[in-house]
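Novice: Just lifted these from Swiss-Prot, have a look:
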{"type": "COMPBIAS", "residues": "11-30", "note": "compositional bias 'Pro residues'"}
{"type": "COMPBIAS", "residues": "34-47", "note": "compositional bias 'Gly residues'"}
{"type": "COMPBIAS", "residues": "63-75", "note": "compositional bias 'Pro residues'"}
{"type": "MOD_RES", "residues": "SER64", "note": "phosphoserine"}
{"type": "COMPBIAS", "residues": "84-97", "note": "compositional bias 'Low complexity'"}
{"type": "COMPBIAS", "residues": "105-115", "note": "compositional bias 'Gly residues'"}
{"type": "MOD_RES", "residues": "SER165", "note": "phosphoserine"}
{"type": "MOD_RES", "residues": "TYR175", "note": "phosphotyrosine"}
{"type": "MOD_RES", "residues": "SER177", "note": "phosphoserine"}
{"type": "MOD_RES", "residues": "THR195", "note": "phosphothreonine"}
{"type": "DOMAIN", "residues": "213-336", "note": "domain 'OTU'"}
{"type": "REGION", "residues": "218-224", "note": "region 'Cys-loop'"}
{"type": "ACT_SITE", "residues": "ASP221", "note": "active site"}
{"type": "ACT_SITE", "residues": "CYS224", "note": "active site, nucleophile"}
{"type": "MOD_RES", "residues": "SER323", "note": "phosphoserine"}
{"type": "REGION", "residues": "324-329", "note": "region 'His-loop'"}
{"type": "ACT_SITE", "residues": "HIS329", "note": "active site"}
{"type": "MOD_RES", "residues": "SER332", "note": "phosphoserine"}
{"type": "MOD_RES", "residues": "SER370", "note": "phosphoserine"}
{"type": "COMPBIAS", "residues": "425-438", "note": "compositional bias 'Low complexity'"}
{"type": "COMPBIAS", "residues": "445-457", "note": "compositional bias 'Low complexity'"}
{"type": "MOD_RES", "residues": "SER447", "note": "phosphoserine"}
{"type": "MOD_RES", "residues": "THR502", "note": "phosphothreonine"}
{"type": "MOD_RES", "residues": "SER503", "note": "phosphoserine"}
Amino acid sequence: MTILPKKKPPPPDADPANEPPPPGPLPPAPRRGAGVGVGGGGTGVGGGERDRDSGVVGARPRASPPPQGPLPGPPGALHRWALAVPPGAVAGPRPQQASPPPCGGPGGPGGGPGDALGATTAGVGAAGVVVGVGGTVGVGGCCSGPGHSKRRRQAPGVGAVGGASPEREEVGAGYNSEDEYEAAAARIEAMDPATVEQQEHWFEKALRDKKGFIIKQMKEDGACLFRAVADQVYGDQDMHEVVRKHCMDYLMKNADYFSNYVTEDFTTYINRKRKNNCHGNHIEMQAMAEMYNRPVEVYQYSTEPINTFHGIHQNEDEPIRVSYHRNIHYNSVVNPNKATIGVGLGLPSFKPGFAEQSLMKNAIKTSEESWIEQQMLEDKKRATDWEATNEAIEEQVARESYLQWLRDQEKQARQVRGPSQPRKASATCSSATAAASSGLEEWTSRSPRQRSSASSPEHPELHAELGIKPPSPGTVLALAKPPSPCAPGTSSQFSAGGDRATSPLVSLYPALECRALIQQMSPSAFGLNDWDDDEILASVLAVSQQEYLDSMKKNKVHREPPPDKS
């Protein structure tokens, strides 16, 4: 078999469709063609390929993803983007699908502008016909958008007869997202910041007003897709590493199915995707939809999802919602009125939002108990203040009552003495009463409770038990005064001679008997337990001294005989 030399690359303005097909056979067999790719990728067909319609030799650019759903054609047909194989042709490997291909619905955008529907190519050679099945579809790079395919950068020349050139092989064998970063950066630079901001604001407002959804911003570090899914499943975007690890493990366990959608080596693809800064695409979305058994809805500047990925089993679980911004970044779309955290983790008897409701009930119960305890404490404080106020009022009433009783006793004593009482004795009694009143006021101010309990007229039981009347101030002073050394056996305190019957103390003996009786009583009955002994003695001695001097003067007057005038 003769191998012709490579054909020189045509100039950029040349039309490949007008070039005549070169003579010679095609290579006997291409390298393994990857299946219809959803994660973005090249055709993956090794040798030169011929388009039956155009007659152009060379690799075809990637095509958009096929629509999901029933396709026209007889039963058993591969897909509408696969052409019929001529009789006698040898068909290439056919992907075995275990679940629906991870692609959008018929209504979703299938590819970017200028993308054409892919088709299998048939090359006719001298030794036979070889068909390579699987012109793969690119849906974006590591952060490629949903439904947007990215064309692979190709060499200036087109593959010639006899197989692809080394330059072509080097460019065509790249991984699915080789043009992600340069193309995304170029698109972002070409956008007007004001327009982008206005569009983002409209998108967020439309979702909130029409659907009630809220867009949660994810960190732009290359793991935005996994962060958005982690926020939906675990409620914490920082668990994106766990989501990525589970997703990659799931892809490896189902490599026989997902490898048909990747043009590069599947192990190399998985190892690259395990890096935390590598973005995700539709392959990972389909894997996570199956892994968590929840649909994945993608929103892009619309209130309706532009793409939905379904799991193997249909259920009523809330879908995982993500939003796609500027063709390079994913955010999480949450429904604040319906809890979805924990759904899809396989937890038995798990009810979304039940934990929050339980915590809320416990918080309300604790708050109510704390409020009740606080109110009880306030009630106790108010009751204590009320009791203290009542006690103060009672003490004040008792004090005023006792002072009034003292005034009444003094008034009665004045009425009993009558106008014949000497002024000096009246002054002495008044001074004694004033001293007693001042002493009593001082005593009541120091110990009102004990005074009221012992000497107040509110306690008649004590006086009735002892068989005595409440002592008057004069009587108290008289009892405390020691007997006068000059008093013979009978003496008068306030008047002399004929006024003995009107005196409170007629003789010393009743006073001594009363004094002995009082000494047998407890001092607390008179409220004397809080008095200072020195002050009492000083007051009593002063009054006694004054009365003693007065009595001495009176006795001297009575004893001196009148001078004999004869």
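Glycine too: its Cβ is placed from the backbone N, Cα and C atoms.
Help me picture these features in the structure, burial and contacts included.
Specialist: Using a 10 Å Cβ-Cβ cutoff, THR195 (phosphothreonine) registers 9 neighbours.
Mean model confidence of the domain 'OTU' (213-336) amounts to 92 (pLDDT, 0 to 100 scale).
When secondary structure is read from DSSP and collapsed to three states, ASP221 (active site) falls in the coil class.
A simple way to gauge crowding: the CB of CYS224 (active site, nucleophile) has 25 other CB atoms within 10 angstroms, across all the protein chains here.
The Cβ of SER323 (phosphoserine) has PHE203, LEU207, ILE215, VAL298, TYR299, GLN300, TYR330, ASN331, SER332, VAL333 as same-chain neighbours under 8 Å, each 6 or more residues away in sequence. Look at SER323 (phosphoserine): DSSP puts it in a strand.
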Novice: Among the modified residues SER332, SER370, point out the residue whose Cβ has the most other Cβ atoms within 10 Å, with all shown protein chains included in the count.
Specialist: SER332
Novice: In the domain 'OTU' (213-336), how many residues does DSSP assign to helix, to strand and to coil?
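Specialist: Final tally across the stretch: 53 helix, 22 strand, 49 coil.
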Novice: I need the nearest neighbour of CYS224 (active site, nucleophile) among the recorded positions THR195, HIS329, SER370, using C-alpha distances.
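Specialist: Out of the listed candidates, the nearest Cα belongs to HIS329.
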Novice: Sorted by position, what residues of the same chain at least six away from ASP221 (active site) have a C-beta under 8 A from it?
Specialist: ASN276, ASN277
Novice: Which whole-number value in Å describes the distance between the Cα atoms of HIS329 (active site) and THR195 (phosphothreonine)?
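Specialist: Cα to Cα, HIS329 (active site) and THR195 (phosphothreonine) are separated by 17 Å.
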Novice: For a quick check of packing: other C-beta atoms within 10 Å of the C-beta of HIS329 (active site), how many?
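Specialist: By my count, 20.
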